[in-house]
Amino acid sequence: MIGLGTSRIGQTDEDVIRAIKDAIDIGYRHIDTADFYQNEKAIGQALEDLFKSGKINREDLFITTKVWSNHHSKSLALQSVRDSLENLRLDYLDLVLVHWPMTFRSTPSGEKVPQSSDGQIMGPIDSEKENYEQAYQGLEETMRLNLTRSIGVSNFNRKQLKKLLEAEREFFPVVNQVECHPYLNQEKLLEFCKENNIYLVAYSPLRRGDRDLLENETLKKIAAKHSKSIAQVILRWHLQRNIIIIPRSSNRARMLENFSVFDFELTPEEMDEINLMNKENNEGRVIRFESAMQLPEYPFNE
């Protein structure tokens with residue numbers, strides 16, 4: 001229930017390769033990446049090195065990637081997955097997600113975030129042919145072709161999930177990956193996902209190492225009682241809510257700290273104390289993607 005987030009984990013390919021190898025050595029078996037992170041090739045090199053050395057087998061790993069918002073047609077989503085497989089040097093993926101519900105214009109140059117002259121992100125030319133529903137249908141095709149073993153979404157709100165769930169389809173989303181931490185505990189979304197057999201995966205589970213959170217007095221008290229760090233207490237809180245976590249780090253010592261959360265348990269009272277830290281009306285949210293707020297499927301207005 002714990003993986004390694006890889007967004008911005010290194011400035012060079014060598015940094016990324018080292019981080020992946022360190023993570024596997026520590027015991028991580030779930031690696032989360034994305035087309036947008038632009039590190040799939042380095043991760044692929046690390047995985048190939050590990051497979052050739054005999055330190056790990058492919059079937060022992062769980063590899064996730066994501067389709068970016070400029071690939072929101074069926075054909076573009078399918079091609080994105082094929083490209084990711086080539087970059088990662090894999091025959092199949094364990095999970096592929098639609099990265100965001102918003103759709104960006106697909107341009108000949110392949111810009112990740114195409115902008116107009118006034119700095120606004122450009123939406124699709126034909127929203128009937130390019131939208132998250134079309135992208136998801138592309139992921140369903142990857143299931144039929146055995147390119148991936150499961151599919152899901154990221155940053156979707158309840159309304160958007162309902163739209164996917166209410167349609168007739170062969171493969172339903174098994175994951176919704178969202179920002180989640182004590183200041184944004186996603187309680188309502190978590191309950192909705194549980195009711196619909198969708199796993200919630202938390203990115204930024206430590207609120208990007210936010211000092212205010214990591215110096216919180218309530219968390220300090222709980223951490224001292226268990227002889228653990230505040231980060232470990234937060235990660236344990238996630239796990240006891242049955243949330244999968246993908247903390248990001250390239251530091252071996254920090255990776256080990258984040259992984260060492262299975263030898264203690266928070267009491268129900270401690271869980272309640274942390275739950276009460278939630279900030280209402282999205283005030284605790286860090287990842288807002290405000291440059292995309294004008295797009296119709298922006299998810300954080302719910």
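Positions of Cβ are set from backbone N, Cα and C atoms, glycine also.
Positions annotated as domain 'NADP-dependent oxidoreductase' by TrEMBL: 2-275.
The active site, proton donor annotation in TrEMBL covers TYR37. Secondary structure at TYR37 (active site, proton donor), taken from DSSP and collapsed to helix, strand or coil, is helix.
Packing around LYS66 (site 'Lowers pKa of active site Tyr') is summarised by its Cβ count: 26 other Cβ atoms lie within 10 angstroms of its Cβ, all protein chains included. LYS66 (site 'Lowers pKa of active site Tyr') falls within a strand segment according to DSSP. Residues annotated as site 'Lowers pKa of active site Tyr' in TrEMBL: LYS66.
What TrEMBL lists as substrate binding site is HIS99. Take the CB of HIS99 (substrate binding site) and look out to 10 A: across all protein chains shown you find 24 other CB atoms.
Spacing of HIS99 (substrate binding site) relative to TYR37 (active site, proton donor) is 11 Å (Cα to Cα, whole number). Counting in whole angstrom, TYR37 (active site, proton donor) lies 9 from LYS66 (site 'Lowers pKa of active site Tyr') by their C-alpha atoms.
For TYR37 (active site, proton donor), the Cβ neighbour count at a 10 Å cut-off comes to 20, with all displayed protein chains included.
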